[in-house]
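The structure appears below as structure tokens.
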Amino acid sequence: MADEPKPISPFKNLLAGGFGGMCLVFVGHPLDTVKVRLQTQPPSLSGQPPMYSGTLDCFRKTLMREGITGLYRGMAAPIIGVTPMFAVCFFGFGLGKKLQQKSPEDELSYPQLFTAGMLSGVFTTGIMTPGERIKCLLQIQASSGENKYSGTLDCAKKLYQEFGIRGFYKGTVLTLMRDVPASGMYFMTYEWLKNLFTPEGKSVSDLSVPRILVAGGFAGIFNWAVAIPPDVLKSRFQTAPPGKYPNGFRDVLRELIREEGVTSLYKGFNAVMIRAFPANAACFLGFEIAMKFLNWIAPNL
């Protein structure tokens, strides 16, 4: 028999989501570094090859020039930001589901799950944008040959000194454009696959680890299929010199399409997709493990 439905606890989602986010960063950061460097590399001069010819070339050159630490450059910022960010993300999803339920027995439709996921994207933008801004600046400085920042705190301090609090929130609109629809797709896909993988008469809470990993991994792939174009624009905008794009993302979009074509909106696609499966598989597995632990120690929380 299937278990009785449990009331949704946004607070448990908050705690378990933070742990899931930490798992995601440790697994996925090296390829995130590759992704950002591919997205922000300047156009190659006539007759000269680009700095990186692709995902594997960027990975190899980073490893050769900077060692394994180069692949984890800038990780402190997402670790500091990602725990509360994923906590808030899963909290927003849990709250979005709870607001649409009249009782714990109500099964939400997939459009309702998509809506709950979009709410989580709105919730996370305030935390996500500063961390992404610092992370991107640190990730590209080594490949550009400029060492303006010695680390996460130094980057944060200099950003504040130069631009004030607004310096941390450069790219907020693009972060919203990326995360709101992508988060809806993320959670809807995960819930759909969990239901698909659950044998008849069983509970989704009894899913095996391999099935959770597959559901989480494909949720990450579907998420990034939606998110890549605005993510490319965001990375380019957040790492640009002050004043380069006075009209915001519209200027970035026009420049990219004019100089590099529509395919430039999918720069870093291979790195993103290679990273998306293992990183998000780790995230959802971490979330489910933490949730089981919380349900065990505090069933009525």
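The backbone N, Cα and C atoms fix where each Cβ goes, and this holds for glycine too.
Between K158, K170, K194, K267, the residue that has N6-acetyllysine written against it in Swiss-Prot is K170.
Checked against Swiss-Prot, the domain name for T152 matches that for L265, so both face the same side of the membrane. Checking the candidates K135, K157, K292 against Swiss-Prot, the annotation N6-acetyllysine falls on K157. Candidates K148, K202 were compared with Swiss-Prot; the annotation N6-acetyllysine appears at K148. Segment contact holds for the transmembrane segment (268-287) and the transmembrane segment (13-31), given three or more CB pairs below 8 angstroms at sequence separation of 6 or more. Shown in sequence order, T129, R133, F163, F237, Q238 are the residues of the chain, 6+ apart in sequence, with a C-beta less than 8 angstroms from the C-beta of K170 (N6-succinyllysine). Residue environment of K148 (N6-acetyllysine) contains 11 other Cβ atoms, counted within 10 Å of its Cβ in all protein chains. Secondary structure from DSSP puts K157 (N6-acetyllysine) in a helix.
K148 (N6-acetyllysine) and K157 (N6-acetyllysine) are 12 Å apart (CA-CA, integer value).
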